[in-house]
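A.B. asks: This is the structure I have questions about; it appears just below.
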Ligand code: HDD
Ligand code: HEM
Ligand code: HEM
């Protein structure tokens, strides 16, 4: 084919390909969070249920296990599409750098495999294994969920801070070192931040389901326990998450100063830079923002007069879309702070009175905390991914050079939108059904009736 | 064997596992489609449901495994294949989503209409997904994917005689495998009439698959000469093994020896896949890109082997445990609907 036609196709593909990637990842990550964090929360409920002989807790654990099965299935199918998309949409990335950073995905494959196996064992073995064996079968799930998150996020951290290879004069990869590539400077902060985010998202979301129930007047023991257990975990992690947020922000400042400048909408390189909240960035200037003098320098360098680099340091075509990054970043930090206040409220009342705060306002706050945590997490990813633009591999490979030039590729985006809308509706229907009737089977369960003559009708009733 | 060949072979083991286990899962969906009306097909659908519910997610990861090993160890070949063949691959991915979601969620919904449409979705996507995957194999095997990003024709690379053959064969093989596997499952549950039904289906699909396979040789001779020469030359012993195993499986099935029939039919399918690999050796992308040329750097390949070995040490026992747990599940166990009231308050 004529090369100019190919390039035209690539330009046509770029925007929809980015949107498609963002949609698929943004969808998958919500379910991935539950895949990472739900097993631990469920097994803790199961363990407490056994230890205290508390039927409500045991019942909660069983319902949660089923919900976990549903969410896991949704996560697994959406993840499959992702592995295709990595190559279909970004061949320029995989072709050149697959040997450098593809490796964590291989390890991730093993982690998912183990997780998928033990989700099956855990759900299937609910009444079939001894309580001890059953709870032990959750351990591989918990570990492999975390390990899987480590590996994928390590791959993403490599895109932010590529290490572990050399380039020859023609910019071809030489001397790829996959182990080194997996442990670049961004890996640990990103992984820890993501794992905490997964636990926060899961904890706050489950708690918010029971908060809604309590607001509707169902204040029984089951609802209280269903609220308190996940909420306590998420609330305990929130301050840690904010500390880790500081760590990750410092890593970004050191390694990706342009991204940091976009996060703060900072045009000029300044000493004693102020921290700006909100506002709109037009013509290289941030307007209508709330400024905290010297705040940014203090946060980044832990010194009020530290020098913070601005966007002016790089040519205009190497700057990310500032407004998206800045607002997403502010949204994450703002919501993180709000969740911290909620956690503080719970902690204070618990410390003084050993009970959950009694006012309906507390329940209302918990009811929205799940959404808040999900939005904070999505906003964090938008900060990371859009802030990396125009680079796919920071400073080395432009997104425009990574995209596939295949004709008609952009049509896939519309199809993906339709598929995800349907999938979302379906998942919500099934989860609601699960919430209303605890005998609803989960996808991995095998408790359909036996194949006697009228099994077909039984199954249909 | 060179390092690259070792890594590729390990990937191929993953592909075989996907072909056999994933293939049987797809095939079960195809039989679900053909099971007949809601009432009449009920018992068959119940059996299908019970035999794949706990394992379909795990079986499915084999494909992920194949993809990630390819993109890390053979990045150029991977990029060439997925960009040129992006249409059937995207459709296959949608098929997997539709199938997984519909299967997973259909038993959780209660309204008849929704259950029926999800059931239809599951069954139809079980049919089209292996077709597209087979068409992809056909495109690669007939040398229609040149090296380079989106360098091949995005339509004719999968709409061509060899791809059609690949797709049809994939569907038939899945159906065949599933029928044989379901026979053994039905017997374990003590429902010999169901086993008998699937036995007949297994025999019939085997006959059709064999006929298509023979006709296919003529298609290949006309459309994919290099593959044909390989299959009838170097790969002939493997192809012969496949035929022998296939015939043996037929005999065992006819004699109602379901468990050995399972092994023999799995061997037959494995041999077909190996035959393809041997016929196409040493090329990853016929007729231009060899395994050595396509492979990534040495450290990557070594890291990969270490990971694959270490990973299997963890994975294989877990996988065996999973299969044993489900295979051993006694009949009365399946009969009790897991006494939900006992634990849920
Ligand atoms: C519940 C979710 C959540 C909460 C409350 C926070 N974050 Fe966050 N943040 C994430 C969830 C998240 C995330 C989605 O998990 C990201 C995206 C990429 C990553 O590794 O973590 C992220 C990324 C991310 C980045 C970009 C990293 C990069 O580009 O490499 C920075 C600088 C921060 N965070 C900083 C903070 C600060 C200072 C917070 C304090 C309030 C904070 N985050 C709260
Ligand atoms: C931060 C990012 C990610 C996290 C934490 C994550 C985590 C997970 C988890 C825990 C699962 C298991 C299923 C579940 O629990 O829902 C899963 C499934 C999957 N993910 Fe992701 N994932 C991430 C991003 C990605 C990316 C970028 C890809 C591919 C390029 C990917 C591919 C997959 C695949 C293929 C599966 C399905 C595996 C199976 O069938 O069991 N994920 N992911
Ligand atoms: C952890 C694994 C992840 C990997 C390996 C990954 C990889 C990628 C790749 C290859 C692209 C396309 C090239 C580019 O634009 O640079 C991309 C873009 C994008 N990703 Fe991620 N991603 C990950 C997680 C996420 C998550 C969880 C989200 C959630 C919202 C996300 C949001 C986005 C967005 C919004 C874009 C488009 C950016 C733009 O073009 O402006 N990513 N990612």
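Cβ atoms are placed via backbone N, Cα and C, with glycine included.
For A:25-48, A:69-90, A:102-124, A:136-159, A:191-213, A:225-244, A:327-349, A:361-382, A:411-431, the entry in TrEMBL reads transmembrane segment. What TrEMBL lists as region 'Disordered' is A:440-461. Taken from TrEMBL, the feature compositional bias 'Basic and acidic residues' applies to A:444-461.
Are these features on the surface or tucked inside, and what touches them?
C.D. replies: Proximity of distant same-chain residues to the transmembrane segment (A:102-124), defined by a Cβ-Cβ separation under 8 Å and at least 6 residues beyond the stretch ends, is recorded for 35, 39, 65-66, 68-69, 72, 76, 79, 83, 94, 134, 137-138, 140-141, 144-145, 147-148, 151-152, 154-155, 158, 178-179, 181-182, 442, 444-446.
Using a Cβ-Cβ cut-off under 8 Å and counting only residues 6 or more beyond its ends in the same chain, the transmembrane segment (A:225-244) has close neighbours at 41, 44-45, 48, 54, 56-57, 60, 189, 192-193, 196-197, 199-200, 202-204, 206-207, 209-211, 213-214, 336-337, 339-340, 342-343, 346-347, 356, 366, 369, 373.
Beyond the transmembrane segment (A:327-349), the same-chain residues lying 6 or more positions past its ends with a Cβ under 8 Å from any Cβ of the stretch are 200, 204, 231-232, 234-236, 238-239, 241-242, 245, 263-264, 277-278, 355-357, 362, 365-366, 369, 372-373, 375-377, 379-380, 382-383, 386-387.
For the transmembrane segment (A:411-431), the list of distant contacts is 16-17, 19-20, 23-24, 27, 67, 70-71, 74, 77-78, 81, 88, 440: same-chain residues at least six beyond its ends, Cβ to Cβ under 8 Å.
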A.B. asks: How about long-range neighbours of the transmembrane segment (A:25-48): same chain, 6 or more residues beyond its ends, C-beta under 8 Å?
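C.D. replies: For the transmembrane segment (A:25-48), the nonlocal Cβ contacts are 54, 57-58, 60-61, 64-65, 67-68, 71-72, 74-75, 78-79, 82, 115, 119, 122, 131, 134-135, 138, 141-142, 145-146, 148-149, 195, 197-199, 201-203, 205-206, 225, 229-230, 233, 374, 377-378, 381, 385, 420, 423-424.
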A.B. asks: So if I exclude everything within five residues of the ends of the transmembrane segment (A:361-382), which remaining residues of that chain have a CB under 8 angstroms from its CBs? That is, six or more out.
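C.D. replies: Beyond its ends, the transmembrane segment (A:361-382) has Cβ neighbours at 22, 25-26, 29-30, 33, 193, 197, 200-201, 203-209, 211-212, 214-215, 227, 231, 234, 324-325, 328-329, 331-332, 335-336, 338-339, 342, 345-346.
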